[in-house]
Amino acid sequence: MNNDVKQLLLADGQSMPQEGFGLYKITDQSTITSAIKYAYDAGYRLFDTAQLYKNEAEVGNALQELGLPREELFITTKVSEPNQGFKQTIDSVKDSLQKLKLDYVNLLLIHWPIERAFFDTWAALEELKKEGLTRSIGVSNYQMIHLQYLATQAHEMPVINQIERHPHLNQQPLLQYDKEHDIITQAWSPLGRGTILDNPTLNKIAANHHKSAAQVVLRWHLQSGVAFIPKSVHEARIKQNINIYDFTLSDEEMTAINNLNNFTRVGKEPALVYEYNLKY
Ligand SMILES: NC(=O)c1ccc[n+]([C@@H]2O[C@H](COP(=O)([O-])OP(=O)(O)OC[C@H]3O[C@@H](n4cnc5c(N)ncnc54)[C@H](OP(=O)(O)O)[C@@H]3O)[C@@H](O)[C@H]2O)c1
């Protein structure tokens, strides 16, 4: 285990590694198995999948084949839009667990807020937690208004909000809101899917520290106090992305990166997904 990766205490008493490994767009069995092996050997313990990624079975095969100790792992999956609704959610999560070959996941998220099944899906997550099929429950792509609306009927609130966050979309107001409500923000596409890595400001800061632009961005997430889940299929990058614990960005460097915000998304707009009931 990489002892440098901090464990964050969630509002429900569980703990979660601050840095994890993303598995979106990796579907081929041998690539999944090798990526998870490289990641585990490098010190990642959190693996982030979703029903939408269509790789839960391959992830389950990899975890079994590699014989990774369950108690060391933190596995997240997410309920897709077509599987939302009370009964559909319960059935689909049981199916996810079968594919993953697990008795429980550590974290279950609603992938996107949708109008059609907004409260029923959350009620199903509360039930699945009671049944022990997930240790923690949370949401993804929820904006402040979705969290406020959820609070009108929820028996317990999400402990995680997984949102798009990178230097072009730093999400400062939502980070603040999550923090004030005991919700940990977890950044998806923390590297902006690679689109931001040729930015001159990032590369200048990287040169100051003899690090790559990707390492600077991940260090920025770390020092911003959020959790983050970079994805790569390449061993050298997987190692590089967790080798961020031996340098510190100055306040000026943090400000310079915060100032790169230009509200550009690499993913979808949550308000529209909510309205369309589907990631369009
Ligand atoms: N909740 C949601 O709605 C949602 C949405 C999107 C993503 N996610 C989660 O967040 C995870 C991460 O997001 P993401 O996969 O979209 O994007 P990301 O982690 O920001 O970026 C991944 C891209 O950057 C490249 N890359 C990785 N490390 C690099 C490095 N050190 N130097 C240069 N390029 C590098 C990767 O290429 P190679 O693989 O070729 O190295 C890949 O093209 C996903 O895998 C998924 O688990 C969640």
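Yeah, the Cβs are placed from backbone N, Cα and C, and that goes for glycine too.
If you check TrEMBL, you get these features:
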- 28-261: domain 'NADP-dependent oxidoreductase' (DOMAIN)
- Tyr53: active site, proton donor (ACT_SITE)
- Lys78: site 'Lowers pKa of active site Tyr' (SITE)
- His111: substrate binding site (BINDING)
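TrEMBL feature annotations superimposed on the structure.
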residue: Tyr53; record: active site, proton donor; DSSP (3 states): helix
residue: Lys78; record: site 'Lowers pKa of active site Tyr'; DSSP (3 states): strand
residue: His111; record: substrate binding site; DSSP (3 states): coil
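In this structure, the C-alpha atom of His111 (substrate binding site) lies 11 angstrom from that of Tyr53 (active site, proton donor). Within 10 Å of the C-beta atom of Tyr53 (active site, proton donor) sit 20 other C-beta atoms, taking all shown protein chains into account. Of the recorded residues, Lys78 (site 'Lowers pKa of active site Tyr') and the residue listed as 'active site, proton donor' place their C-alpha atoms 9 Å from one another. Mean pLDDT of the predicted structure over the domain 'NADP-dependent oxidoreductase' (28-261): 98. All protein chains included, the residue listed as 'substrate binding site' registers 23 other Cβ atoms within 10 Å of its own Cβ.
Taking the Cβ of Lys78 (site 'Lowers pKa of active site Tyr') as centre and 10 Å as the limit, one finds 25 other Cβ atoms among all the protein chains shown.
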